[in-house]
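Take a look at the structure set out below.
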C-alpha cells in the first residue's frame, strides 16, 4: 500500500510540473479599457497580471507604450487562459525567436563626393539612424565623428557603455535589451563581466550593418587586401543609435519590440532591422498573420510617428513565398551583387592560366609548385607534401580537403561546377582553387603529358571591378509574394548584399585556425542583412533634404527611381539608385490611416491586427474601408478560369516643378490587356494630387506563372522624369 501511495505522489508531482510549465508571452491590451483609478498603464498591467498569477510572484518583462500597447510576461497556459477574460485583453503572441539575415557599394548605387546626392544631402547630417541588432564595436574608425555635426537638440537617447566617452557625435546612443533573453533562458548566467549588460558587439553582425548605413570614411580599409580602398557608409555624416537586442544565445520578439519602443521614444528618424521571424512556431500563437509579427506591429507605430522602417527580406531564396518582413508600411529589401569579384589565379607550367573565386586570407608564395593529379579515390599513402593537388569533381570536397591538408600539401585545385551558391563560403582557411569542369581536358592533358614535371603557381588577393552581370539578385535573397499579406507586391527594392565590406570588431577572430587566428577591422559578409542598411542610409539622405516627407514618400522616391531589372517578385522595383531619389518628380504618398482603411477592406483577415495597431475596435477604426492602397507597385492574382478584370487606383503627388505634364508608358505585361486612364496627367501646382486607374485583363489566361512590366509616367516636355510603377500578374498559389 505504501508503495502505491509513493507512485501516486510521484505521478501527481510530475503532472504538476507539466501543467505548470511557463513560457514568455507578449500581451496586447486595449488602452481605452484602462480603469480610471490607475494612474498609468504599467500599474494597470501589473495589477492585471497579479490577478491571474496566484502561486508565484508576477513579473512584467517589458511594458510597451510607443511601439505597441501591452506587456510581456512569463505565464503558464492556465494563467494565459485566465488573462484572456480580463478587461482590455486583445490578443497574445508567444515570445517567438527571431533570426539575423546574415568600399565599393556607395559608388555602385551612384554616390560620389563631387556632385549629386551626397553633397546635396550633406552626407545625411543631422539624421539619426537606429540599428536594432547585436550591438556595436565603438572603437572602430568607422564610428569616429570627424566631420559629423552636433547631436540633434531633440535627441533623448542614452549611452550605456561603462564609459560614456565611447559615444560621440557619430555614435550618440547605445542601449541593451536582454529581459526577453533571460525570460526564455532562465538558467543563463554571465560567464564574463558585462557579457549581457554592455552594448559592445561580440558577434560582429551589428557593427557590420551599422557601418554600412552610416559608417564614416576610413582610408585603406580591406579584408586581408581584398576590396582595398576607402570604406564609407551610405550616410557617413548621419548619427547612429544602437539598440542591442540580438544575442548569441537567441533573439526574442519581446526584446525587439522593446528596442523599437525605445528608438521611437528617443527620436530616431530611420530604423534598420536586419532580422525577422520565420513563423515556424505559429501554432503557439493566436492564429497566423501580421498580428503575430513583432516587427510588423511595432513598426506601424513607428511610421505613425514619421519614422522610416527598413528591413531585410530574408535569405531563403530563390523560392517564391519565402520572403518575410513584408508588411505594407515597411520597406522590404532584397539583396544583389555589385559587379565586384574577389579572385585568385592558377597558372600551370605551360603558362595556361585560370581565374577562380577566392577570399583566401593568408600569405602564399608566388612560385611554381610540383603538381599531383588525383582522378579519384583515397589520398592515403600518397606523397603530397609541398605539392599542389588537383582533384576531380567526384571527390567529396569536405572530407578530401581535410585529408589532403593533413598530408602537408601546399594547396588544392578542385575541378568542379558545384560551387556553393553563397560566395561567402569561399572563405577557406586553406588555399583552394575551384576551376570549372569545362577546363578539365586542358588540365588533364597537361598533367598527363608532364606526369613527373607538372608545376603550377597560385596567386591570391585580387579584386576585379566591373564584372557582369551586375547588379543581379542573389540566389539566397528571398522572393515574394509575402505569405502573411500577399495583396502587396514584395520585396520593394534590391540593394547591394553580396560580399559587402564593412566594419568588424577587431578583437573577434574573423578566420584562421585556433593555432593561427586571424583578425581584421573589416569583414566581407553576404545577405539581405547587408542590403537593408544600404537603403536605411539612402532614406537618411532623403530625410535630410526633405525633412517633412512621410515614410511613404521616402519609400516612393526610392522605388520609382530604381534601376528596373527583372521579376519584381525577386527584385522589387529594381536596384536602388541615388541619382534621382532627391528629386523624383512625383511620389505615391500614403498616410497611416490609408493603411488602416486598406486593412479594413480585408477585415476578415486583418481584424486582430487592426485592433492591435489602432488600439480600437473594428467599428471605430473601419469607417472608411478602401479596396485600394496608394502603393508604388501593383500585384494582381489570376486563376486559370478567371477572366474578370482587375482594377487598381493610384494617386500621384507633384513634388517637382509647379507646372508639368506626364504621359503614360506601359512596358512588358505580355498577354495582358492593360488600360490606363487617363493617359495624361497635367499638374498645375506643386503638391497637387492627380489620380489614375490601371485595368488588367487576362482574356486567354496568363502565358506564364508570373508576368511583369511597368506603368511609367514620363514628363512630356523634357523627359527628365520617369516615375515607374512595377506591375505583376500571377497565377501563383501559396502552398498550404
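Using N, Cα and C of the backbone, Cβ positions are placed for all residues, glycine too.
The signal peptide annotation in Swiss-Prot covers 1-20, and the record cites sequence analysis as its basis. If you look up Swiss-Prot, you'll see 25-101 marked as domain 'Inhibitor I9'. The annotation domain 'Peptidase S8' is assigned in Swiss-Prot to 103-582 on the grounds of sequence analysis. Marked as N-linked glycosylation site by Swiss-Prot: 112, 162, 220, 381, 453, 617. Residues or ranges marked as active site, charge relay system by Swiss-Prot: 133, 205, 529. If you look up Swiss-Prot, you'll see 367-441 marked as domain 'PA'.
A map of Swiss-Prot features onto the structure.
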residue : record                           : CB count, 10 Å
112     : N-linked glycosylation site      : 12
133     : active site, charge relay system : 28
162     : N-linked glycosylation site      : 12
205     : active site, charge relay system : 23
220     : N-linked glycosylation site      : 8
453     : N-linked glycosylation site      : 9
529     : active site, charge relay system : 30
617     : N-linked glycosylation site      : 14
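Taking Cα separation as the measure, residue 133 (active site, charge relay system) is nearest to 205 of the recorded positions 112, 162, 205, 453, 617. When the Cα atoms are compared, residue 617 (N-linked glycosylation site) and residue 205 (active site, charge relay system) turn out to be 40 Å apart.
Under DSSP, residue 220 (N-linked glycosylation site) is assigned to a strand (E or B) in the three-state scheme.
Ranked by CA distance from residue 205 (active site, charge relay system), the recorded positions 112, 162, 220, 453, 529 have 529 at the top as the closest. Regional average pLDDT for the domain 'Peptidase S8' (103-582) in the model is 89.
Here the C-alpha separation of residue 220 (N-linked glycosylation site) and residue 112 (N-linked glycosylation site) works out to 18 Å. Among the glycosylation sites listed here, namely 112, 162, 453, 112 has its C-alpha nearest to that of residue 529 (active site, charge relay system). Counted with DSSP, the domain 'Inhibitor I9' (25-101) comes out as 22 helix, 27 strand, 28 coil. A separation of roughly 51 Å, to the nearest angstrom, links the Cα atoms of residue 453 (N-linked glycosylation site) and residue 112 (N-linked glycosylation site).
Mapped onto three states, the DSSP output places residue 453 (N-linked glycosylation site) in coil.
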